[in-house]
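Engineer: Below is the structure I would like to discuss, written out as structure tokens.
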Amino acid sequence: MSLTRFSLCLLLTLLLAAIPVYLASPDPGVRILRSPESTVAPPGDEVVFVCETSLPPEHFEWSYASSRSRFRYLKSGNHNISITHDNDISKLRVVVSLETLGEYRCVAWFGPLAVTSTTARLELAALSGGGGDEGFKGNQAHWRVTAGNTVQWHCGHIESNPAPSWSFYYNDIELPAASTLSDSNGTLLLSNVSVASSGSYRCVATNTASGVRLALPSRLELQVSAEAMPATAPHLLDGQRVRTKVARVGESVLLLCPGVGCPSPTAIWSSPNVPGAIKNNRTRVLPYGLQINELQALDGGTYICYLDNGIRPALKHSIQLLVQQAPRIVLAPSANLTNEGEAMQLECVATGIPEPEIYWLLNGNNSANDSKANPGSNGILILQSVQKRHAGYVQCFARNSLGEDSAGTILQVNPTQIQTGDGGGGSRAYVRPQQHMFGRKQKQQTQMVPPSAPNVTRLSDESVMLRWHVMPNEGLPIKFFKVQYRMLTGTGKSWQTTNENIPYGKERNDYGAVKNFTSSVTGLRPDRRYRFRIMAVYSNNDNKESNTSGKFFLQRGATLAPLAVPSLVDIEEYSQTAVVLHWDLTSDADEDLISGYYAYYRPSASAGEYLKATIDGAKSRSFQISALEPGTIYEFKLQSFSAVAASEFSALKQGRTQRPRVSTTTEPAVHAMDTTTPSHNETFNLNPLLTGTIGGGALLVLLVVSACLCLCRRRSSRGTNQQNKPRLAELREDFVPLNTCSPNKPRTRHLHITLNPLAQQQQQQQQQQQQQQQQQHEEKDTQDNDMSYFQRPPVVYDAEALGFNGMARMSSSSLRRSQRTLERAAAAGGGAGSGTNNNNLNQPTDGSTADSPRLQASNKPGRVILKRARLSSRSENLSSGSLNSVGV
């Protein structure tokens, strides 16, 4: 027994000593594909957190931390939460309350490895004005300006989570086209004011998650004078101020330049510490501000605006633009196989604005709670003494106010070897943490990246417009989208799915860009709350839904004034796959009531649904629509919209994309024979009509040639038959009956043996008589021979009447020949009793003629005629002097 233990310990020692040192990959094969997302919701609502891994784990767990406690694992028995698992996806449903607010993250266990997702925050929707009415006394403004100026009024500051939407009222009538900013301060922008703009203005903030509305008591009394006023330099109005602007990377930001004067001033922009910020393709100078699209981190800095109307001094604004960026790990940690008890240092580098905070998790446990771990500054983790509990998955997290990012690596620990009591080598039990990870096919090709949660805006009393995007990814291609919505009023409301299949669209060359999509949902009820989500259908015919939108309150807008309808002026053929729309408004003053435009288009030959495109900005007068078919006629229509309503459709107008270009270059004729062998990739293409014409012509020529060949063969066969007729007569003459002669020449060299030797003399006399009648009957005999050969039936002679006792079969030609011979003999002999030949060949014994039916139908034995061998010609046959046939 002791020997067995010693052997096992020695074997384990050798195996551990043979383990090579591997560099851990930053992407170990098991990772979180989809982390739960932060959500803002009102009390009593239900939210769903989704977690997905690259491989199905052994089990999922969810952890939760409030603002006053550390993370702890949740149990599904709680009435406020429910947890469901489906292969590699886990879902946590939480009922929003004060007790459930906090941070959530999921943990996927792969044997001893624990992979943790990024953190999702659950926050309560709130809206407050801060300080009551007294806090807004300073916002009561009375302004008097001249016509033509641009007025910008900041309504007030409120606290709202999420950011509110703003509504402005003019003389207590809601303005449908108020231009607002996406921050906590609503801004009313009145461009090119006139006397009609005079009046009282106020604002209302609405929480987009809960639908709660807050009317701010601040007001603006505006008086626009049409009379000439003294010239004044540009100046700020009471309540106008220069402020710091905060925006995120990838967004569009508008820097305003407030101020009025007489005459109205113009703005000039510069940036001393942002090179190239003003003159680039992402920057647009507007009469009232500077718009920067697709904001980048390098765009942050100071921007200076000068308002000048020719009267000194000019008004100078300095605006500080702060660009925020979500954290991103640029250098992931990497670990080697480490011996137990040794020190180890891991490094993680991340970028982000504000600078992200970095923390570490060891198999799901915070390193701050580990006595052997020392998180240092600049993303450094120092393990003073590596322990077996550290073996597993080590993760680095970077977080700031905009989000969180993570990266991880596998840490393998080689346990310390100890000596056993019997002196043998051994080691402590050690389980390699990656044993449950490898051996499974990594889920790369089947990854389905879901779209973002939709952004909802009002389109009409019964419809809304949804906008969502798909980030660049290497997952499965998306075929189309489906929109789902659910009304939150009442109980038992289930998700409804629209009928429209929203295509993903053609692939473009900008693979690294975000793809945006737009779709409308109709058939809704006003004054109701809804939630929306997007269902993506992938190339494997599976689907995955996005996160749900926040609660959306569909406000009734029956009392709103109608918006101006844009007029399509021209449709320019831009390329084979794109056109440019040009439109106009009846009056430039209508721009103040418009936030943007919706473009609808479809092929004119189709009766299907219209495709949609969104055009931001009321001052836009042209827009390019791409991804069209070459040489195709499309029909287009436009619709203007504001934050709360949309106009009627413009008149339909048709436009065409450019036709495909056909090369007109004439290639020179090449007379030399091409001896090269074509490759397998070369193809020969013909027009289908040309191919059919060539094929039909070839078939017609083949039919004509076949008909000519058949006609020639028929004529040739007729000529051959005419030439063969004398030949047939010669063949019939080869069959010579006994005691007869040829109708043309005497057959003197034939030897006939008869029963009576004296009959030879009589036979010679008969032959001489037959020669005298030969010329008279030659023509008739020739015709009879030809006709009888082809038409007459075979004749059977009465053999007994002819003097034969036996029966022999004779050919039809020889029988007919014998019949004619008998007829000639009877005519020459002059009667039945004139002949003395004992053969009686010329007359029958019963007194019948040779042509009588009785003679032809007789069954008595007949004479036998033996066919002689055929010589080369008839003359040679007659002159050969040989015995050709013997008649018995």
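Cβ coordinates come from backbone N, Cα and C, glycine included.
Straight from Swiss-Prot, here's the annotation block:
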| type | residues | note |
| --- | --- | --- |
| DOMAIN | 28-123 | domain 'Ig-like C2-type 1' |
| CARBOHYD | ASN80 | N-linked glycosylation site |
| DOMAIN | 134-215 | domain 'Ig-like C2-type 2' |
| CARBOHYD | ASN185 | N-linked glycosylation site |
| CARBOHYD | ASN192 | N-linked glycosylation site |
| DOMAIN | 234-321 | domain 'Ig-like C2-type 3' |
| CARBOHYD | ASN281 | N-linked glycosylation site |
| DOMAIN | 327-414 | domain 'Ig-like C2-type 4' |
| CARBOHYD | ASN336 | N-linked glycosylation site |
| CARBOHYD | ASN365 | N-linked glycosylation site |
| CARBOHYD | ASN369 | N-linked glycosylation site |
| DOMAIN | 450-557 | domain 'Fibronectin type-III 1' |
| CARBOHYD | ASN455 | N-linked glycosylation site |
| CARBOHYD | ASN516 | N-linked glycosylation site |
| CARBOHYD | ASN547 | N-linked glycosylation site |
| DOMAIN | 565-660 | domain 'Fibronectin type-III 2' |
| REGION | 655-679 | region 'Disordered' |
| CARBOHYD | ASN681 | N-linked glycosylation site |
| REGION | 759-789 | region 'Disordered' |
| COMPBIAS | 760-775 | compositional bias 'Low complexity' |
| REGION | 812-864 | region 'Disordered' |
| REGION | 869-888 | region 'Disordered' |
| COMPBIAS | 872-888 | compositional bias 'Low complexity' |
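On this model, are these features tucked inside or out on the surface, and what's nearby?
Structural biologist: On the 0 to 100 pLDDT scale, the domain 'Ig-like C2-type 1' (28-123) averages 89 in this prediction.
DSSP gives ASN80 (N-linked glycosylation site) a coil state; it is part of no helix or strand.
Just so you know, the Cβ of ASN192 (N-linked glycosylation site) picks up 17 other Cβ atoms within 10 Å once every protein chain is counted.
There are 7 other CB atoms within 10 A of the CB of ASN281 (N-linked glycosylation site), with all protein chains counted.
In the three-state DSSP scheme, ASN336 (N-linked glycosylation site) is classed as strand. The number of other Cβ atoms within 10 Å of the Cβ belonging to ASN336 (N-linked glycosylation site), over all protein chains shown, comes to 12.
Long-range Cβ proximity for ASN365 (N-linked glycosylation site), meaning a same-chain Cβ under 8 A and a gap of 6 or more residues, is found for none.
In this chain, no residue six or more apart from ASN369 (N-linked glycosylation site) has a CB-CB distance below 8 Å.
Less than 8 angstroms from the CB of ASN455 (N-linked glycosylation site) sit LEU466, ARG467, TRP468, SER549, each of them six or more residues away in the same chain. Secondary structure at ASN455 (N-linked glycosylation site), taken from DSSP and collapsed to helix, strand or coil, is strand.
The DSSP secondary structure for ASN516 (N-linked glycosylation site) is strand.
In this structure, ASN547 (N-linked glycosylation site) belongs to neither helix nor strand by DSSP; it is coil.
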Engineer: Out of 28-123, 234-321, 327-414, 450-557, 565-660, which stretch touches the domain 'Ig-like C2-type 2' (134-215) the most, going by CB pairs under 8 Å?
Structural biologist: 234-321
Engineer: Name the residues of the same chain, 6+ apart in sequence, whose Cβ is under 8 Å from the Cβ of ASN547 (N-linked glycosylation site)?
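Structural biologist: Sequence-distant Cβ neighbours: GLU37, THR39, VAL48, VAL50, PRO450, SER452, ALA453, ARG533.
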Engineer: Give me the non-local Cβ neighbours of ASN516 (N-linked glycosylation site): same chain, 6+ apart in sequence, Cβ-Cβ under 8 Å, ordered along the sequence.
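Structural biologist: The answer is ARG467, TRP468, HIS469.
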Engineer: Roughly how many angstrom lie between the C-alpha atoms of ASN192 (N-linked glycosylation site) and ASN281 (N-linked glycosylation site)?
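Structural biologist: ASN192 (N-linked glycosylation site) to ASN281 (N-linked glycosylation site), Cα-Cα distance: 27 Å.
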Engineer: Would you say the domain 'Fibronectin type-III 2' (565-660) and the domain 'Ig-like C2-type 1' (28-123) are in contact under the rule of three or more C-beta pairs closer than 8 Å, pairs 6 or more apart in sequence?
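Structural biologist: Contact criterion not met.
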Engineer: Mind checking how the domain 'Ig-like C2-type 3' (234-321) divides into helix, strand and coil residues in DSSP?
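Structural biologist: Breakdown, helix to coil: 3 helix, 41 strand, 44 coil.
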Engineer: Based on DSSP, tally up the residues of the domain 'Fibronectin type-III 1' (450-557) by helix, strand and coil.
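Structural biologist: Across the domain 'Fibronectin type-III 1' (450-557), DSSP assigns the residues as follows: 0 helix, 52 strand, 56 coil.
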Engineer: Can you give me the same-chain residues 6 or more apart in sequence from ASN80 (N-linked glycosylation site) with a CB-CB distance under 8 Å?
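Structural biologist: VAL94, VAL95, SER97, GLU99, THR100 - these are the non-local Cβ neighbours of ASN80 (N-linked glycosylation site), listed in sequence order.
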